[in-house]
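Heads up, the thing below is written out as structure tokens.
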Amino acid sequence: MLPSTARDGLYRLSTYLEELEAGELKKFKLFLGIAEDLSQDKIPWGRMEKAGPLEMAQLMVAHMGTREAWLLALSTFQRIHRKDLWERGQGEDLVRVTPNNGLCLFESQSACPLDVSPNAPRKDLQTTYKDYVRRKFQLMEDRNARLGECVNLSNRYTRLLLVKEHSNPIWTQQKFVDVEWERSRTRRHQTSPIQMETLFEPDEERPEPPHTVVLQGAAGMGKSMLAHKVMLDWADGRLFQGRFDYVFYISCRELNRSHTQCSVQDLISSCWPERGISLEDLMQAPDRLLFIIDGFDKLHPSFHDAQGPWCLCWEEKQPTEVLLGSLIRRLLLPQVSLLITTRPCALEKLHGLLEHPRHVEILGFSEEARKEYFYRYFHNTGQASRVLSFLMDYEPLFTMCFVPMVSWVVCTCLKQQLESGELLRQTPRTTTAVYMFYLLSLMQPKPGTPTFKVPANQRGLVSLAAEGLWNQKILFDEQDLGKHGLDGADVSTFLNVNIFQKGIKCEKFYSFIHLSFQEFFAAMYCALNGREAVRRALAEYGFSERNFLALTVHFLFGLLNEEMRCYLERNLGWSISPQVKEEVLAWIQNKAGSEGSTLQHGSLELLSCLYEVQEEDFIQQALSHFQVVVVRSISTKMEHMVCSFCARYCRSTEVLHLHGSAYSTGMEDDPPEPSGVQTQSTYLQERNMLPDVYSAYLSAAVCTNSNLIELALYRNALGSQGVRLLCQGLRHASCKLQNLRLKRCQISGSACQDLAAAVIANRNLIRLDLSDNSIGVPGLELLCEGLQHPRCRLQMIQLRKCLLEAAAGRSLASVLSNNSYLVELDLTGNPLEDSGLKLLCQGLRHPVCRLRTLWLKICHLGQASCEDLASTLKMNQSLLELDLGLNDLGDSGVLLLCEGLSHPDCKLQTLRLGICRLGSVACVGIASVLQVNTCLQELDLSFNDLGDRGLQLLGEGLRHQTCRLQKLWLDNCGLTSKACEDLSSILGISQTLHELYLTNNALGDTGVCLLCKRLRHPGCKLRVLWLFGMDLNKKTHRRMAALRVTKPYLDIGC
């Protein structure tokens, strides 16, 4: 017989278990079955499965003793969200655990709590803490809250793609907002990959390790899970072992509900496994501490309005917003390191508090990581393979799964289908549909439940979500619920269908299982409440990814879909007014009117919203107001899909630009490799090609939009198959495209056959840019078959950095000999060498050739090429512009070239010889050209060591009455103040020289003042003088300012 104390404990424990409902008792048993506390004394599931409350109490006491059974029961009560039983149990005589009254900082929905007995054997401080962190974070509750689904974090976690940025995104955006970067996403052109292990390591830009790392990610990107994984890996000895002695996790979500003052000591104590610990030892080395501040964007708005006096002492008690603000501003414990996670909407506020943080962005799952996640989620390999095969056949949804939250939702829904024995059904195409799919799947009849389960007081649910969103509030108490007609019973019912989740640490607080679900319901509120709610949401949003309403507005557009509207009405009884669509269309029309029919600022955000609608008429009407559409820094395959999908409906658009970012296909910005070389990066390029449907959409756009005359695709990984599909549209009779740019689009030589057919069939196409593609000589030969065809009307072709070698000269010469329409040819960055140039010149000298502009920059040309070019200039009277920059021509080469330039039949107007290793000797020949050539108007000699002597020689030509030069570049030519005497003389005589560029020359104050004196003369015709890069005193600057007043049309740059 048991002792009386044990009998009392057994009886009391059974009364607690009797208070559990049937579902809760089953959950209790399942958690008990996976509890590591039991070690070898786990109770066999066969004995627990049918046991009632009394039998369960007897089994627990028999297996582990009365007190241990109580401690484990209390821990399990927390896990099944019975905080009332846990709190009451603390008063039992057999349980002597002092409750922790400090701040609760561990997020309730993500970590399975494990209490540490105060009587546990005393260990080293760090070892004790690591044990606790390991137990705290090694298990996580699945958000779907199915009975017993507490999974191992390490088994579920899948590595995310992280990139670091090389400059502050806010500064970057401000600097370039008026130039070409209209969206914060464009900062990605200056990113590079980074691993979690090196977040706090120095790099080429930071010789010292960063003290603050900001980890940014959109909704559902896995910020909190990554933060939890950092905690677990540190505790397991896999991360930051030589860097941080202690890592503490602070949940901003939980901080919001704290209204008491606390100190850093209280903050750390609340993270510690037991109370009363002295933190003096920890504070001896604050540089060895890391604070993870998770969810900065979830902080209540009052935090951002917090004012000093700030907290300066770690023992000083202050309101939480002051304490955290002091920590982030580095006024408190400036030596500690911080890892802060946030959504984009809070970045500007956060960066206003920080100095030189390392900025890292989560881009989600790569394609391989998505596959890995599915196998981790489904323990059954067969199920995982089946689901993966299904999703691979439905590419848009698989692409959307780059967002971890979407991957989880999709896996949860498909797992439910598999477990119910159903065939995998057609799945949704948009984010809105994915969330609706999940919501309705939760309300499907479960075993033993006969009917579809609709949550009570649906209107109250969506109004609660909306009010929380407007006030940026994510935790709700019973008073909040009552305000919207909800009570505990309503919420408990909804918990059963897994939309709400009750906080583990605080009985009175409720929250949606993920912020994105709150945003989904808030969108429903706007759709159901008509014009005013929609107008307010759109006005505050403004199509900015940094706005806290971004995802809500995306969902709002998705709910406008007619099929979605009918679905809501049929299953939930919700009716969306047609006025909502009218309001949205009117708002877009106003946006077009205010931006001059150009969609650039917020373009990707708007297209993403329209993609959610999935209705041709609506999208076409919305985009009919834009003649120019420019989308920059498209960073994922899904974003590419969104853009191409909407491009089909841009029926009024004349110019369409789609620019991918450096990581839009998961590849670095490397130069192209020689064709035929199958390296690892070549394999990666093939693996990361955009799906065929992307090119098919664009093909449809070019053949259905008769207004479209310019299509620019930059960093769009089309590949050969993508080009083949696009060319189908280009060959269509209704295609009116004139300008096609396919720069850095992973095009190989094999695709040139399709391009050749397109330039033959499409007589409207006059400009083609294939720069930065691995075309090679074989590809060029295929392309040239089309370029020299009699039907080809191409006038300009750019082939920069296309791996064209000497043999390419023969094919190009053949084109020039047959195509009289081609007037511009850009071969920059191709190693043609002298032999290739010799072949090219055969075509240039052909009587059919009408080429006017030729770029030969960085083509590995030398002196021999100058001789061939000289003979060409004597015969070709159509060539007006020649760029030979960055070729090792030398003085001797230019002197040979001048023989052709001096010929009476030479009509060249623009010559660029920058960085050609020229000295003063070359100026002799150039001066002689200026004395006889009346056609030459622009001359660039920048970055050549001409010196003052060179300018003196050049001046003889510039002062000659025959010289008609209008623009002269002499940047970085080694000129001094002595050269200004010759320059002044030239400006006093020349009546045609209008622009003079002298940047980065040491003219000095004396020389510049001499020039100013000449410029004041009314006979001086100069209109542009650039003097940047010179150390001039204030007096000289005042003289130039006075000169601008005298001649307001004069552009003086300094």
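Placement of Cβ uses the backbone N, Cα and C atoms for every residue, glycine included.
Annotation comment: Swiss-Prot describes 1-95 as domain 'Pyrin', evidence class sequence analysis. Annotated domain 'FISNA' per Swiss-Prot: 129-201, in sequence order, evidence recorded as sequence analysis. Positions annotated as domain 'NACHT' by Swiss-Prot: 211-528. Look at Swiss-Prot and you will find 821-841 tagged as repeat 'LRR 1'. Feature annotation from Swiss-Prot assigns repeat 'LRR 2' to 850-871. Taken from Swiss-Prot, the feature repeat 'LRR 3' covers 878-899. Residues or ranges marked as repeat 'LRR 4' by Swiss-Prot: 907-928. Annotated repeat 'LRR 5' per Swiss-Prot: 935-955, in sequence order. Summarising the annotation, Swiss-Prot assigns repeat 'LRR 6' to 964-985. Residues or ranges marked as repeat 'LRR 7' in Swiss-Prot: 992-1013. Here Swiss-Prot flags 1021-1042 as repeat 'LRR 8'.
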Candidates 878-899, 907-928, 935-955, 964-985; stretch with most C-beta pairs under 8 Å toward the repeat 'LRR 2' (850-871): 878-899
DSSP-derived helix, strand and coil totals, residue by residue, for the repeat 'LRR 6' (964-985): 7 helix, 4 strand, 11 coil
Counts of helix, strand and coil residues, the repeat 'LRR 8' (1021-1042), according to DSSP: 9 helix, 3 strand, 10 coil
Overall pLDDT of the repeat 'LRR 5' (935-955), taken as the mean: 97
